[in-house]
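**Q** My questions all concern the structure below.
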Amino acid sequence: MDSPRKAKKANVNREPKHSQNQSSRPPQKDAYARLLSQHRSSKFSMYLEQYAKDSSSQREDNGPSPQLKAQSDRDCERRQGVFDGQRRGQRRDTATSHDGDVESGEELGSLKPNDAKKHQKQQRKNKDSNRDVDSKETDQPGGRLQSPKKSKKKNLPKHPEDEKIREGTSKCGVDSQMSSPKPPHGRDKNVKQPRASSANSPADKGKNKGGRGSKKQVFDAYMTSEEVSHGLKRGELIQGQLRINPKKYNEAFVPSPDDTRDIFLDGIVARNRALNGDIVVVQVLPREQWKVVRSDTDCEGASESDTPTVQTATKKTKSTPSSAVIVEEQCSDRDEQNNKYQNISGERLGEPSTPRSNGEILQKTAKVVYIVEKKHSRAATGFLKHLPDKPFALFSPVDHRVPRINVPLADCPEDFSSRPGDYNNILFICRITDWAADSNFAEGRLAKSLGQAGEIEPETEGILIEYEVDFSEFSDEVLDCLPKNLPWTIPPEEMRKRRDLRNECIFTIDPATARDLDDALSCKQLPDGNFEVGVHIADVSYFVEEGNSLDVIASQRATSVYLVQKVIPMLPRLLCEELCSLNPLVDRLTFSVIWTLTPEGKILNEWFGRSIIRSCVKLSYDHAQSMIEAPEKMFSAEELPPVDPMHPIDEVHQAVLNLHAIAKNLRAQRFLGGALRLDQLKLSFTLDKETMMPQGCYIYQYRDSNKLVEEFMLLANIATANHIYRKFPELALLRRHPPPKAKMMDELQELCDQLGIKIDLSSAGLLHKSLNTAFGDDEYTSARKEVLTHMCSRPMQMALYFCTGVVKEEQNFKHYALNVPLYTHFTSPIRRYADIIVHRLLASSLKCGPRISLSTEEVEKQASHCNDKKALSKRVQELSSELFFGVFVKESGPLDSEAMVMGVLDQSFDVLVLRYGVQKRIYCKSITGLDAFRHRKVGKKSELTLLWTAEAPEDPPVEQVISVFTLVEVQLKSDDAPLKYSAVLKRPEDSAS
């Protein structure tokens with residue numbers, strides 16, 4: 001295929017964005033002024049009279065009413081001039097979108113009496129329109145054409161500043177935004193008025209008193225812990241984890257206790273100063289304030305949080321590749337933890353959402369009344385804005401979901417006030433210290449300057465701090481816990497306690513660059529034709545004594561964090577890379593599981609115990625793969641790393657072949673038994689050794705050598721889980737995987753049926769079988785499978801660590817993807833703290849280690865912490881990959897690739913870029929050369945028709961139909977904002993040329 005012609009972006013296609021989303025212009029201000037004067041009519045006068053009466057009656061009943069002014073002069077001054085300073089570029093989205101990617105634009109930063117009714121009318125209008133991030137046109141249910149070149153102004157916000165709020169590049173997550181604005185007297189009777197006792201609740205210090213008491217109360221005071229406790233018991237309140245849409249900071253969600261559609265929190269005021277990931281208690285609003293939404297789940301339509309989006313379908317908008325999904329971790333790419341709400345029984349909160357006659361449903365809405373736990377770090381990267389004649393500067397976070405923050409000038413660089421322009425592109429880290437109930441802005445302290453935005457190291461450091469990854473050097477107190485006499489040797493008394501396996505043919509298989517080698521394998525054929533197979537895991541618990549300083553820091557870090565260019569270790573490098581790492585040709589302490597297996601993989605015997613090994617060679621996955629692919633070949637010493645002379649190369653080769661044969665049988669049995677694997681594309685990078693900049697990237701290949709290691713690690717984890725649960729039924733640390741959300745699976749099944757895709761979602765095993773049925777027999781079969789795999793991964797929940805003494809129902813222990821009743825993590829103690837606890841339980845059960853001193857509550861608390869840290873680590877890894885790919889596109893782009901459509905919305909569609917495995921959203925309004933487009937939906941199937949401008953005036957427009965599995969050509973191009981890039985759709989004739 002010839003190189004497709006590059007498309008130029010015509011300025012005319014930029015017009016709608018400028019007219020709707022950018023800073024206001026004088027004519028708009030004049031128009032607004034005219035509107036105001038027109039509305040000083042009888043209706044407006046009646047409204048003022050009514051408001052005066054209401055205010056008067058409220059003063060009689062309730063004392064002085066809060067001023068209606070939306071924010072104090074001080075806050076107005078703080079806001080002034082903020083947005084022009086944010087033209088540096090778009091904020092980085094710091095999480096995968098879970099909850100819908102629609103532009104609301106409904107809430108105004110300040111509501112004055114004379115525009116409250118207009119705002120309510122505007123809300124009603126907006127509720128009937130279906131919107132994407134960059135488009136505000138109303139939905140065309142009849143397939144009516146929309147032109148990307150024309151801008152409709154009827155939905156423009158009334159205030160210039162509110163218009164700016166709608167800009168993607170200048171959102172501030174802090175404006176007072178009411179989902180249902182009403183005069184103060186109309187406040188929900190259940191909302192508690194500010195009270196002294198509210199100071200007992202988190203994040204509320206009663207700062208609305210004293211000199212600040214005259215300011216408008218932007219947020220409601222929190223309920224007391226007693227009120228919350230009673231409300232939860234009565235079923236009047238709901239506890240859950242808050243998820244804020246990274247693309248639409250005024251939309252947030254908490255899981256519904258009945259596992260139906262998530263509960264919607266509309267606007268910043270409803271969130272009441274809670275941040276993304278916080279555990280909150282919410283109060284469901286009256287039914288008349290619920291959202292009218294469409295059950296819009298065409299293919300990618302269901303949001304990953306099981307949330308029907310407000311007036312539009314949604315999907316994951318991640319521009320970075322998904323990490324490889326290990327089989328025990330079969331869950332969607334959502335970065336939030338699994339739902340941690342308190343399950344509330346009964347129907348006290350009203351019946352579940354039910355479809356209306358027109359296909360719409362009512363979605364419950366709520367407001368935050370209490371913050372149980374501040375999971376969010378309260379740290380953010382961003383930029384400083386100078387405010388003349390103010391004793392503070394304004395910090396604007398890169399992440400939309402974090403509010404703007406006032407920071408003391410004393411925290412800023414010395415010359416910031418005199419030369420603020422020098423810092424326009426400098427990234428800073430700021431930590432929120434307080435957020436008063438009467439302020440749109442949080443208060444905070446500047447932690448440090450990171451460096452130039454768009455550079456890898458400053459951006460990486462910002463990510464690590466935001467996600468609370470401890471990358472500091474280990475303290476002297478921690479290092480004092482390590483062995484002092486180096487080089488360290490195994491003490492003779494320890495030798496006598498262990499099974500000596502140093503003469504066995506044991507080896508490691510890892511990525512070529514790995515330095516923390518957790519696991520080794522052995523395989524010896526027995527005279528009767530069976531095999532003795534061993535999994536040998538680094539005995540980290542020998543070096544990490546329970547309760548000492550090293551143990552404390554390891555438990556806090558909970559996991560190593562793998563970035564593209566480096567690893568942030570859980571343990572000091574002396575342990576990670578030396579004393580615990582199963583390096584070749586040195587004696588190492590291990591915990592071993594040894595089985596007698598038939599060639600088919602049937603377990604005849606099993607042994608657990610502490611051991612000593614001496615790895616004979618460090619193989620990479622490539623080495624092992626070469627051995628598997630060439631079973632008859634005699635490998636020379638030059639083709640492999642150094643091998644222990646005690647074990648000839650062909651002995652190692654034969655052991656690899658035997659392990660491969662057994663692993664194939666184990667794998668086949670697992671999937672016949674109902675297991676599931678959802679493979680998603682993973683992008684890897686080649687880096688310059690000196691600069692650590694990306695030189696190239698490729699999709700990681702998951703091959704037989706990877707599968708070999710995986711099968712035996714799974715076998716060891718399952719065996720260990722059964723052993724420790726049998727010995728410690730109230731104390732075992734296991735790992736469960738809840739089944740996918742039933743409603744999302746039902747809707748996905750309906751869509752697949754309509755698309756003619758034969759897929760059975762009724763169980764993990766049948767889903768796996770369906771996914772491995774050929775989808776066509778052409779070169780795009782694998783691409784179609786990738787798209788379908790992505791669709792199936794979205795309803796999946798996160799796998800979680802838990803203590804068996806806390807989860808009472810044994811059927812809830814089950815691991816859905818593996819389809820096993822018990823599972824744990826035993827095989828990676830160098831990089832996972834959960835495995836260290838499991839090792840201690842195992843040692844205690846075998847009487848080869850100290851008795852466990854942990855209580856059930858302590859194990860559960862550590863399990864929960866490990867869950868949190870694992871999720872954060874996963875997100876950091878994704879952001880690191882996104883960062884490097886952004887640099888790669890900037891340095892090497894534009895990049896051409898085929899792409900397959902994954903989901904279709906009413907004004908945009910999502911594609912999987914096949915060459916790089918990244919996912920991008922393409923907005924119809926931003927497509928250069930498009931005359932018009934129309935959207936059509938039948939059942940669950942959504943379809944866009946694009947009409948391209950004809951090459952010759954006399955020719956008709958070129959029509960292109962976009963639906964799931966449509967193949968298109970795209971070009972990845974770097975944006976003006978640091979490290980951001982877009983997927984540009986090519987004309988169909990360009991693609992075909």
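Backbone N, Cα and C atoms are what each Cβ position is placed from, and that goes for glycine too.
Unlike curated entries, TrEMBL annotations are predicted automatically.
Pasting the relevant annotations from TrEMBL:
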COMPBIAS  1-11  compositional bias 'Basic residues'
REGION    1-31  region 'Disordered'
REGION    44-217  region 'Disordered'
COMPBIAS  71-101  compositional bias 'Basic and acidic residues'
COMPBIAS  125-139  compositional bias 'Basic and acidic residues'
COMPBIAS  147-157  compositional bias 'Basic residues'
COMPBIAS  158-169  compositional bias 'Basic and acidic residues'
REGION    296-358  region 'Disordered'
COMPBIAS  304-313  compositional bias 'Polar residues'
DOMAIN    498-848  domain 'RNB'
BINDING   ASP510, ASP519  Mg(2+) binding site
SITE      ASP518  site 'Important for catalytic activity'
**Q** Can you check how the pLDDT averages out over the domain 'RNB' (498-848)?
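**A** Across the domain 'RNB' (498-848), the average pLDDT comes out at 95.
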**Q** What is the separation, in Å, between the Cα atoms of ASP510 (Mg(2+) binding site) and ASP518 (site 'Important for catalytic activity')?
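**A** On Cα coordinates alone, these residues lie 9 Å apart.
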**Q** Under 8 Å between C-beta atoms and at least six apart in sequence, can you list the same-chain neighbours of ASP519 (Mg(2+) binding site), or say none if there are none?
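**A** For ASP519 (Mg(2+) binding site), the qualifying residues are THR508, VAL535, HIS536, ILE537, ALA538, LEU582, VAL709, MET713, THR827, SER828.
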**Q** To which of the recorded positions ASP510, ASP518 does the lowest count of other Cβ atoms within 10 Å belong?
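**A** Sparsest of the recorded positions ASP510, ASP518 by Cβ contacts within 10 Å: ASP510.
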